[in-house]
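Visitor: Here it is, the structure, as structure tokens.
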């Protein structure tokens, strides 16, 4: 059985380094791969190969990101590191690199700096659930009291953004010294790895979450009823399951009387699979692209939300001019566009291409959404921005 085979594989956890420029994020990333390769086996990566991050395009947005992997005895980690601040902003907002937890790097020589704060705020907005702190460059600070002061500052800053600042793990170390092979500092990297293992819970697999499938297409089959097709985003749908059809119109209920894939009938459809679901008693005209099939009660339709948005630069194919409050583009959620009205924060008069901004959006039709849902902003089919739902208002 395929499932039994999968269980032998270590749980897979996605993490990343965040923090102010030049505080040592990339050096730490290199140190983790080197020390853990030495201690637990695996492949070491040097600073230059991580720092020379390849450019990727996610939804038309250019992002430079380095991906490294490492293992602890119980887990396999995929770790992202970005060279520039703008890359972090884009990465976190588009969800190109979903993080189950982040390692916040703060130089003990500087303490928290503007981007430290900005990355913590972004983590809160986009729903990074856990943060572990690595205080770097501690070999350069002789004064024990100064280290305590910086630790206190970092913890207070995290608490300010609703992270458990007093309780989360904070490791004082030196990424450079660990990379140079000094045992005392290498041990701090192992301590960091242990903190990742113990503090970040094993992420729930998509298949174990509540069932949801965005509807891509609808057609009727003579004598059998209405079939909706799409890719199962999470969970499992089985024959005779009750489901809700959510978004755009009033929520309705139906029963799934059949699941098919490549014209073969199945007992169930699982996360990641492209399926057709046959719905009992649902008419072809009652369902449309852009709605979702979902486990009853698991997701609600909403029209108004606060979001964190990155606006594409002109070079990325975005707008050439700024926009102002009352801007009415299309918001593309999962499989469909819905027009929405934009309100900007107090004191923000206009938004320039290349900016990131917090905005409140009111859609003209409700969409099934939870906090953390990603969307694109489009004008006439062209993507001009990317965003994430930070807070649902109504």
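Any Cβ shown, glycine's included, is placed from N, Cα and C.
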Visitor: Tell me which range among 50-54, 55-59, 60-64 Swiss-Prot lists as region 'G2'.
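Guide: Among 50-54, 55-59, 60-64, the range Swiss-Prot annotates as region 'G2' is 60-64.
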Visitor: So which range, 3-10, 11-18, 19-26, gets flagged region 'G1' in Swiss-Prot?
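Guide: In Swiss-Prot, the region 'G1' feature sits at 19-26.
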Visitor: Could you pull out which residues elsewhere in the chain have a CB under 8 Å from any CB of the region 'G3' (81-84), counting only those six or more residues past its ends?
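Guide: Contacts of the region 'G3' (81-84) (Cβ under 8 Å, skipping residues fewer than 6 from its ends): 16-17, 21, 25-26, 29, 50-51, 53, 63-66, 68, 91.
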Visitor: Where DSSP helix means H, G or I and strand means E or B, what are the helix, strand and coil counts for the region 'G4' (136-139)?
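Guide: Going through the region 'G4' (136-139) residue by residue, I get 2 helix, 1 strand, 1 coil.
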Visitor: Of all the binding-site residues here, 22, 138, which one's CB has the most other CB atoms within 10 A?
Guide: 138
Visitor: Excluding near sequence neighbours, so keeping only residues 6 or more apart in the same chain, what lies with its CB under 8 A of residue 82 (GTP binding site)?
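Guide: Long-range Cβ contacts: 16, 53, 63, 64, 65, 66, 88, 91.
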Visitor: Reported in the order helix, strand, coil, what are the DSSP residue counts of the region 'G2' (60-64)?
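Guide: With helix first, then strand, then coil, the region 'G2' (60-64) has 0 helix, 4 strand, 1 coil.
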Visitor: What is the total of other Cβ atoms whose distance to the Cβ of residue 85 (GTP binding site) is within 10 Å?
Guide: 15
